[in-house]
Amino acid sequence: LGICYPVSIFFIVVNEFCERFSYYGMRAVLVLYFRFFFRWDDDLATSIYHAFVALCYLTPILGAIVADSWLGKFKTIIYLSIVYAIGQIVMAVSAINDLTDADRDGTPDNMSVHVGLAMLGLFLIALGTGGIKPCVSAFGGDQFDDHQTRQRSTFFSVFYLCINGGSLLSTLITPILRGQECGIHTQQKCYPLAFGVPAALMVVSLIVFIAGSGMYIKAKPKGNIMMDVCNCIGFAINNRFRHRSSKYPKREHWLDWADEKYDKLLIAQIKMVCRVLFLYIPLPMFWTLFDQKGSRWTLQATTMDGTFGSLVLQPDQMQTVNPILILTLVPIMDRVVYPLIKKCGFNFTPLKRMTVGMFLAAMAFVSAALVQIQIDETLPVFPSASESQLKIVNMASGQMNITIPPQQPFALGSEQVQHILCSLMKNKPSQSFSNSFLSHCCHSSACMLELGVLNCGNAIVEVEDIKPNTVHMALQIPQYFLITAGEVVFSVTGLEFSYSQAPSNMKAVLQAGWLFTVAVGNFIVLIVAELAKLPQQWAEYVLFASLLVAVCIIFSIMAYFYTYVDPAEIEAQFTRKDEMEPEEKEKNTIELEEKDFKQDQKEKLGKTKM
């Protein structure tokens, strides 16, 4: 291994495995932590979860700029990993139930302290994981010489295998840790352990990376291409606005207005990038659906039966289906499905694959909606926020639910109410009664209200108020299969297409744009969860599926009119011969400035005459 590969990559690969275990392990139990520790409702838990994920995909842009323009990749990874580890530790501390449980009753006395610590921890984690995301893989690539192309390719394959391996193991293990009971004074679900183990893995990740410091090739910062792109685009827009008068001749492309300051080759490269970025506009909707497997789908699993013989599967462990299917489907797609489609004579272009991936994700949510409908049929009917509900039992006639409107409240323990309910149960075991009717009941002590169950007569029986979940978690497997197949076809192909259509020095720009679509997609979930407020969860699944189908149609139209290019060939044209010599460019700049001066003089003269 030492002869063929740099020894330093061992530390980078182990670092990546531990970091991914840390991130996905923490994220696997996050929405349940919000739901059952903080007691937030499903919508708020989903919103904060996706706000965190969105932030994780926005900070890579910041990390890339800091690494390329200031600190370099090595120092950026070190400093932000420290921030990352601190965030994981703070997150674990926030989950310690006994931290504010002074009266030792099992409930935190000051929940705001726990929430504040959790939000601080999540912010630090987002800053850390996002900041190092664009640096680690690129830093690993820097360890190889130019002639080691095969070794570099193998490294990236192992690197991404470690990502999926860390994700698989963490989503399998941390839910088990969460399911344990721990505590100093009272036994609760062990969220501190579920967050503590990922925190420990992040510390290990940092130590391993530092241990290889003396072996790394540490390239100095060379400036960030994203800043050059932004400056060029900004200059072109500003220059076009200043010369918006019809007196100035139009140019073939709006970016050509940067010609006075920037090189023709750079402008041509940015044009190619902009064509790809334009296709990115519909992509966030795919991530809107995809990332809900860690929020809505996990919450859906909490209402399902997870028993497999003697094994009980935790709701958050269903997320392991995704990395397992990824490791299975990627080689099947590359070696079986795509070659078979090619042999059939169908031109399955990258953009067509991405369209199919979107459609598969939409079908995954249709499947989720069907599962949700089946779940709803087995769940008990709870009263609305403005109603109360009393379940009473009669040994001879059975049981009935009485829904009580809030307009005329009455005391459930009154003997009049108890008597009339017992009397009515003999003949009408399934009927709802208004408070106005109950107010006419007569006095009797024949019934008593005990522990929420009304017992009529002398007999007392055990009543099962809410039955166990009967819809099995295995019904989620089809939706996981569809969403993962969509991910393989959409995500892997999308990155491949993007890289093939952009210049080699602009790949960082496209990576930033790709990650930005993920962030926007998670913000869309946040908005829908807070504003839609659909009464049924299956209706929300159908809404998301419908939106993605509509976006899929729009993307297919955009893809139809897209023309594939060869960036290397276009760059070669500018390398062999510049379209404009420096002297000619300077001449055009002087002519433009003279026109500006004359135009300014005319405007001043016109104002003087007025």
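Glycine is treated like the rest: Cβ placed from N, Cα and C.
Note that TrEMBL annotation is computational and uncurated.
Lifted from TrEMBL, the feature list:
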type     : residues : note
TRANSMEM : 21-38    : transmembrane segment
TRANSMEM : 44-65    : transmembrane segment
TRANSMEM : 77-96    : transmembrane segment
TRANSMEM : 111-132  : transmembrane segment
TRANSMEM : 153-173  : transmembrane segment
TRANSMEM : 193-217  : transmembrane segment
TRANSMEM : 272-290  : transmembrane segment
TRANSMEM : 321-341  : transmembrane segment
TRANSMEM : 353-375  : transmembrane segment
TRANSMEM : 477-497  : transmembrane segment
TRANSMEM : 509-529  : transmembrane segment
TRANSMEM : 541-562  : transmembrane segment
REGION   : 576-610  : region 'Disordered'
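By the Cβ criterion (distance under 8 Å, sequence gap of 6 or more), the transmembrane segment (153-173) is counted as touching the transmembrane segment (321-341), at least 3 such pairs being found.
The transmembrane segment (353-375) shares more Cβ pairs under 8 Å with 541-562 than with any other stretch in the list 44-65, 111-132, 321-341, 509-529, 541-562. Listed as Cβ neighbours of the transmembrane segment (21-38) (distance under 8 Å, sequence separation of 6 or more from its ends, same chain) are residues 44-46, 48-49, 52-53, 84, 88, 91, 95, 97, 111, 114-115, 118, 125, 129, 166-167, 169-171, 173-175, 178, 189, 191, 194-195, 197-199, 201-202, 205, 294-295, 298-299, 302, 315-316, 319. Between the transmembrane segment (111-132) and the transmembrane segment (321-341) there are fewer than 3 Cβ pairs closer than 8 Å, counting only pairs 6 or more residues apart in sequence, which means the two stretches are not in contact. Scored by C-beta pairs under 8 angstroms, the transmembrane segment (77-96) has its highest count with 193-217, from the stretches 44-65, 193-217, 321-341.
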